[in-house]
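Notes follow once the structure below has been shown.
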Amino acid sequence: MKTYLDLLSHVLNKGIDRTDRTGVGTRSVFGYQMRFDLQIGFPLLTTKKLHLRSIIYELLWFLRGDTNVAWLKEHGVSIWDEWADEKGNLGPIYGYQWRSWPASDGRYIDQISRLLTMIKKTPDSRRLIVSAWNPALIEEMALPPCHCFFQFYVADDKLSCQLYQRSADIFLGVPFNIASYALLTMMIAQVSGLKAGDFIHTLGDAHLYSNHFEQARYQLSRIPNALPSMLINPSVTDLFSFKFEDFELLNYEAQPHIKAPVAV
């Protein structure tokens, strides 16, 4: 996936070295955009193997409106464990904001359900938006949303999605985010009777942690393979009815995983 490797190279060669909240230190650029045509293939990195199971289960977890790691752990996914409290709670993070955004009048807004209705009724709307960034609740979240705002666009019977990500850990996090939102776009397109269009990924602070530099250089030495395809069970017409078994990745030829520490 040359588009992603170009990002790695750009940050390594053009980025500014800065301090950060974790104390590790980063090299970063401010403002970067990638575009992936979902008709060409599923944008899952081939220059290192990714754990697709975690990506799919995390997305289904978000769509459930869940904010406790118990369900993830039941399915062998531990990517949120570092931030959970002793009871497994993470506070009002992504799933809560997507499905139960608290309004000032006491209502709870299901942004995802509202989005699905709007795509069908007013596909030309410029308000096909979901936000996870709720300033009133940031302090209650175990980790404020990094991928915080996304918008859909319908044209020529295709559904495209643009994500704004304020904070982008480009070695560990961004490959997951690309695959997750590409898959979400495909799922919403299917249940809306549309084809998947483009996924556009806009990054704010795009950074490499200083203890990921060598891994990034090693990954840049690898040559990408052809993209895989994602087969989604065509019988599913309700977004909230998808199960892990409804997804099948075809022709994924990835090079070995590259280990790197997580900055908490």
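From the backbone N, Cα and C atoms, a Cβ is placed for every residue, glycine too.
Keep in mind it's a predicted model, so treat the numbers as computed, not measured.
Going by Swiss-Prot, these are the annotated features:
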type: BINDING; residues: ARG21, ARG126, ARG127, ARG166, SER167, ALA168, ASP169, ASN177, HIS207, LEU208, TYR209; note: dUMP binding site
type: BINDING; residues: HIS51, ASP169, ALA263; note: (6R)-5,10-methylene-5,6,7,8-tetrahydrofolate binding site
type: ACT_SITE; residues: CYS146; note: active site, nucleophile
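Positions of Swiss-Prot features highlighted on the structure.
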| residue | record | Cβ neighbours (10 Å) |
| --- | --- | --- |
| ARG21 | dUMP binding site | 9 |
| HIS51 | (6R)-5,10-methylene-5,6,7,8-tetrahydrofolate binding site | 13 |
| ARG127 | dUMP binding site | 10 |
| CYS146 | active site, nucleophile | 19 |
| SER167 | dUMP binding site | 19 |
| ASP169 | dUMP binding site | 23 |
| HIS207 | dUMP binding site | 28 |
| TYR209 | dUMP binding site | 23 |
| ALA263 | (6R)-5,10-methylene-5,6,7,8-tetrahydrofolate binding site | 20 |
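Note on proximity: of the recorded positions HIS51, CYS146, ALA263, the one nearest SER167 (dUMP binding site) is CYS146, by Cα distance. Taking CA atoms as the reference points, ALA263 ((6R)-5,10-methylene-5,6,7,8-tetrahydrofolate binding site) and TYR209 (dUMP binding site) are 8 Å apart.
Distance between Cα atoms for ASP169 (dUMP binding site) and CYS146 (active site, nucleophile): 9 Å, as a whole number. Residues HIS51, ASP169, ALA263 are listed as the (6R)-5,10-methylene-5,6,7,8-tetrahydrofolate binders, and the farthest two of them sit 18 Å apart at their Cα atoms. Rounded to a whole number, the C-alpha distance linking the residue listed as 'active site, nucleophile' with HIS207 (dUMP binding site) is 12 angstrom. Across ARG21, ARG126, ARG127, ARG166, SER167, ALA168, ASP169, ASN177, HIS207, LEU208, TYR209, which the record gives as binding dUMP, the greatest C-alpha separation is 36 Å. A gap of 21 Å separates the Cα atoms of TYR209 (dUMP binding site) and HIS51 ((6R)-5,10-methylene-5,6,7,8-tetrahydrofolate binding site). For ARG21 (dUMP binding site) paired with HIS51 ((6R)-5,10-methylene-5,6,7,8-tetrahydrofolate binding site), the C-alpha to C-alpha distance reads 27 Å.
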